[in-house]
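See structure below.
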Amino acid sequence: MRLTIVAVGQKVPDWAQTAYDDYAKRFPPELKVELKAVKTEPRGSKTLENLLAAERTRIEGAIARGCRIVALDERGTAVTTMALAEHLKNWQLSGDDVAIVIGGPDGLDAGFKQSAHQRIRLSDLTLPHAMVRVLLIEQLYRAWSITINHPYHRE
């Protein structure tokens, strides 16, 4: 199974990239995790709707055909670590590749969110973009460790 994290925004602080890379390299070959960063649309004089539509086009271009799409959304379904582990297990059993999408500073296009297979939220808090990348990859690693009874996660 291939798990692709599509993130709007290319530049993150070094600490965030280091943390992301540390978790990403822990995944086994049968669960390949890839990060695809897509360019944030410059604001200029564009309406928010046009800006998000342009980012949507880039996001969709980064997602392989046939992928299950999971959008991170502040109004999405709250998930616990155990629920995320269950989702991950089900994704693996389905054999589908999965793309988890992190929106930019203005979020994700409404139509894109509606077309996603799932919408989840990581927290009720507003988090900086770089922190979301790190939090997501850590939680995915934790979820994977739960599915194989690895001692990383403790109840």
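Including glycine, each Cβ sits where the backbone N, Cα and C put it.
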GLY103, LEU122, SER123, ASP124, LEU125, THR126, LEU127 bind S-adenosyl-L-methionine per Swiss-Prot; candidate in LEU51, LEU72, LEU88, LEU140 listed for that same site: LEU72
Least surrounded among the binding-site residues, given as SER123, LEU125, LEU127, when other CB atoms within 10 Å are counted: LEU125
